Amino acid sequence: MTQDEMKKAAGWAALKYVEKDSIVGVGTGSTVNHFIDALATMKADIEGAVSSSEASTQKMKALGIPVYDLNSVDKLSVYVDGADEINGHMDMIKGGGAALTREKIVAAVAEKFVCIVDNTKQVDILGKFPLPVEVIPMARSYVARELVKLGGDPVYREGVVTDNGNVILDVYNLKIINPKELEEKINAIVGVVTNGLFAKRGADVLLVGTPEGVKTFTA
């Protein structure tokens, strides 16, 4: 089974967490694209979706799934999204696709976070994948200096502007032993919008595509 086939299996497995007549929170990325394809098969049974990125919004609209503004929605029963890394405590690094802030906002609203990944994303310790930090453009150099003080090697992701008009610093060489603490420390730096650690709001359910099929883990 190829990596993409494992992603597809995880994406389709998430359908069982979608409630009838609900509005579904939808994340961003290659695994989520498979979930969107799956969601389109039951679009008549749901009210619609809230999206965490322009890319996912366009894909859903093209498939005929109604997309709502989060401000017009009182609650989301479920949010389905991928991860760049996830540990055994359901803490994640996300934001490889630069949609981390909107992903974090939608995740905060949702009652349940279902994370869908292939088995290459499971790790014991977070940090091998560079940690994305979304930054107000004028604060980029200052934030980079502060991130160095925290032990990281920040690299400006050139040519990338987020959906919110900000820039991304990817922080390398972090061995993240206490994800919640580091998430709070980075978010406390003036000029940081948010960072890609999802530890304060981790996943509730993890669906992992493996060569043997989809494995389910719960927090």
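Cβ from N, Cα, C; glycine included.
What Swiss-Prot says about this protein:
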BINDING   Thr28, Gly29, Ser30, Thr31, Asp81, Gly82, Ala83, Asp84, Lys94, Gly95, Gly96, Gly97, Lys121  substrate binding site
ACT_SITE  Glu103  active site, proton acceptor
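The structure, with features from Swiss-Prot marked on it.
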residue: Thr28; record: substrate binding site; Cβ within 10 Å: 29
residue: Ser30; record: substrate binding site; Cβ within 10 Å: 15
residue: Asp81; record: substrate binding site; Cβ within 10 Å: 30
residue: Ala83; record: substrate binding site; Cβ within 10 Å: 30
residue: Lys94; record: substrate binding site; Cβ within 10 Å: 28
residue: Gly96; record: substrate binding site; Cβ within 10 Å: 21
residue: Glu103; record: active site, proton acceptor; Cβ within 10 Å: 31
residue: Lys121; record: substrate binding site; Cβ within 10 Å: 23
Near the substrate site, what residues other than Thr28, Gly29, Ser30, Thr31, Asp81, Gly82, Ala83, Asp84, Lys94, Gly95, Gly96, Gly97, Lys121 in the same chain have a C-beta no further than 8 Å from the centroid of the listed C-beta atoms? Gly27, Val32, Val117
If you run the three-state DSSP split on Ser30 (substrate binding site), which class comes out? helix
May I ask for the distance between Lys121 (substrate binding site) and Glu103 (active site, proton acceptor), taken between their Cα atoms and rounded to an integer number of Å? 18
Span of Thr28, Gly29, Ser30, Thr31, Asp81, Gly82, Ala83, Asp84, Lys94, Gly95, Gly96, Gly97, Lys121 around substrate - largest C-alpha separation, Å: 15
Between Gly96 (substrate binding site) and the residue listed as 'active site, proton acceptor', what is the CA-CA distance rounded to a whole number of Å? 12
To the nearest Å, how far is the Cα of Lys94 (substrate binding site) from the Cα of Glu103 (active site, proton acceptor)? 9
Ser30 (substrate binding site) and Glu103 (active site, proton acceptor), distance between Cα atoms, whole Å: 15
